[in-house]
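First the structure, in the form of structure tokens, and then the observations on it.
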């Protein structure tokens, strides 16, 4: 089995803005190794989150290639990408992004259910208990605090046991201690299940916990920083 | 107030800059509702004006004096001639015979002055006198009748015992609309030519009408008073050009009142859209309101500010609605005029527009007050929390009272302005009940959906579970859709159930109990032969009764109309009978029937239900004018009379000695097997050409046809209600786009395919559509039952066809609206949507 779980080859992302096309990512070539924890850092607007979205197939690269687990994400249509994520990827966002019309349990069960797991709800319940929300399963997102919502989001991302975990500033909307708990849970997932964790963050201490960090500046990889690592 | 005005002005300015985006459904709902009511009102006014303008033509003269089965005597003719030029018309039903073929006709015999006003158009064209001249005498005929009998111009036919020649087909008869409902197409001839037909005999049911051309500027009231003075006891009926077609005017008045009620239902449906729009607007303004409170704005100032804003938008909707309602009839005037059987002077009628504006304004106030009142309770602290919608609970008491006052004012205005207060109150009550039922259903649906979403059986079916989760979730979408669509469908379902039951009562149930033939103008010496038909094995029964026509002129010596008002038994002449013995099926409810050989002062037995409506008591005296003679009698009994079976039923019966002396004919009903009907008619026609046989099935078909027209008009009105419901639905679908785009993005992120997401969206709309349809069918059936049992006195039978159409229609509508707004969310790129929320 190859050691590279995710690779980008000369990947570009250009989006249409009001004032014309905007180059978000330029010429990104990058390999992510299985099981590593990779921190994406850089100033605001440097393209960190966009790069994470491209890695997750949530944004389609407008140039170059993106491979995950040996499959070419740039060649897949939207539904194929969705099916791929269902089995291999978990995503955690800064703003949690839970479905407001579903309870915590239903939110966590949904990806399992989509992947055809007959025990989706039992596993979802276990996962929620694992993040300390065993007693809040039937609450709607609006009835949960920010930290609790992020724990639900984390449980949802982790439940299908994905090989790749993408986290976009998962503690950005949380206070210090709550953020710490979330990060512990995330790194614990990496440690226990061997999931590759790719983390966008502004926080230097979080970046420091990663096995590797790469820095983006103006949509390009800062090779000097990488070399300095 | 200045602060409030300034806030309102700024909010409005921003709103207009944004193209009133949040208020489009508000504007559409209110404008549509007002426009529909204004248009119906305008057409009603146009017909009223048209009837008034064409009154003389429709009536056939400036005034008309009618006698029941007699001609005016010399003194009466002289009195009439003293007022102006006179034209004499005789009308009655008879049978046209061509060989073995016979058909019912309404004969109109005229003199050479006819028509005083308007033009009679014949085919081939020509003056009436020249066309009808000849031997055998000529007659003009309704083309429908001529075609049915296969008659060409020049062919011969028989009326009574005399042969006539078809001289022309009638293209247009100027005074035909005034006659109302006729059981037979027209045959027009000269009165002199009736000699030798044997059709007009003592007791024959015919009417004579003396039409007057009055000198220009004649005061109609004065003319009527003069005639009343000259002929105080003639028992005639006066009509004049101010109301040339009273039956039609009343029919139009009733129908448009119905349509206005349906329009008000539409306004109620639109009101839900209006309320949702204002609610959504106020939720969006949470931060603004909280900020304003932080800097010192009082609740009252905020309420005033937003009320001014909503008021300005309401005013815009009223102007748009009224303008649309005024323009629509003008734009479609050629079609409207073509379709209406009566003249309509289509124009702009301010009163109709003011009425619509009043309803619109009150409805807007009713539906916006609540969300406006709630918004002022938003706390300044909302700024520091995630905006979670409107505060829970009821608004302050003052606003609750104001809501009640507006509701009562709206219903009262409708009750007064529609002219049918009882029905308006029923409708308002029905709407309120439907509204509450739908509210309860929306609540129950949410609860049930939430529970179902957690059931093991649905686990693993992501689309269905997310759909159920969405319906049962905390958003207010389910309530808005079920209420608006449900109310629209309820109105349509109620109309459908009532229509189906009314038709069933007439077309299905009536023929089962009704006789085959209704025979009139049977001379006393012919009645035994008719009764003998009972020996025919294919004849089940023959019922016969003597028949006179009389007008109830006085009750206890007082003018009858002053005592009994506008009751149908007092309108014009009614059938009167006499009988020695009480029919074995008839039940006396109070008093006693006279003895078999009773020969004392006149006694009257009156129909119990109608007597109660008139306020009659035993011992009251009634004066009935029969053939110009006043006959007085004492009410000595009340009896049950069933008018619903098309059998013989008289409101008023007297003891034989009271009426036997008056010239009269008999009527008979013949109950026979359908296959014997043609033979019976042939036999009677051969033996007694003067007898007119009305085939009950034909009459039923004719009534059904009229009902179908009325039902169609009301269904169109109800469809307008559904259009408003659809606008609200589209508004709800559009308003939820943002939430669904977000949901779709998350679902895609966790691995849902577009088909799964679309399935989930379609299912949730189908669930809401199905729920709305089911409640509408139940509510509509309840309304149909109420109307059938309490208003129409018929039994109610659930009409599954109409119900199924409502349910399928409800689901289809929601699916179309929901799916139309699903493509945006489906196509959205999750990365952008989710990041925009970060």
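Yeah, the Cβs are placed from backbone N, Cα and C, and that goes for glycine too.
Nobody curates TrEMBL annotations by hand; they come from automatic prediction.
Quick look at what TrEMBL annotates:
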type: DOMAIN; residues: B:28-229; note: domain 'MacB-like periplasmic core'
type: DOMAIN; residues: B:262-374; note: domain 'ABC3 transporter permease C-terminal'
type: DOMAIN; residues: B:721-823; note: domain 'ABC3 transporter permease C-terminal'
type: TRANSMEM; residues: B:21-43; note: transmembrane segment
type: TRANSMEM; residues: B:255-280; note: transmembrane segment
type: TRANSMEM; residues: B:301-328; note: transmembrane segment
type: TRANSMEM; residues: B:348-370; note: transmembrane segment
type: TRANSMEM; residues: B:399-417; note: transmembrane segment
type: TRANSMEM; residues: B:423-445; note: transmembrane segment
type: TRANSMEM; residues: B:765-791; note: transmembrane segment
type: TRANSMEM; residues: B:803-828; note: transmembrane segment
Contact between the transmembrane segment (B:348-370) and the transmembrane segment (B:21-43) (at least 3 Cβ pairs under 8 Å, separation 6+): yes
Integer mean pLDDT for the domain 'ABC3 transporter permease C-terminal' (B:262-374): 86
For the transmembrane segment (B:255-280), distant same-chain residues with Cβ under 8 A (at least six beyond the ends): 22-23, 25-26, 28-30, 32-34, 36-37, 40-41, 43-44, 47, 310, 359-360, 363-364, 366-368, 370-372, 374, 390, 414, 417-420, 423-424, 427, 431, 435, 476, 480, 483-484, 487-488, 491, 495, 710, 713-714, 717-718, 720-721, 723-725, 727-728, 731-732, 735
Maximum Cβ pairs under 8 Å to the transmembrane segment (B:765-791) - stretch from the list B:21-43, B:301-328, B:399-417, B:803-828: B:803-828
Contact yes or no, the transmembrane segment (B:301-328) and the transmembrane segment (B:21-43), 3+ Cβ pairs under 8 Å, gap 6+: yes
Beyond the flanks of the transmembrane segment (B:803-828) by 6 or more, those residues with Cβ under 8 Å of it: 481, 485-486, 489, 492-493, 496-497, 722, 726, 729-730, 733-734, 736-737, 740-741, 743-745, 754, 757-758, 761-762, 764-766, 768-770, 772-774, 776-777, 780-781
Secondary structure composition of the domain 'ABC3 transporter permease C-terminal' (B:262-374) [DSSP: H/G/I, E/B, coil]: 97 helix, 0 strand, 16 coil
DSSP-assigned states of the domain 'ABC3 transporter permease C-terminal' (B:721-823) in counts, ordered helix, strand, coil: 88 helix, 0 strand, 15 coil
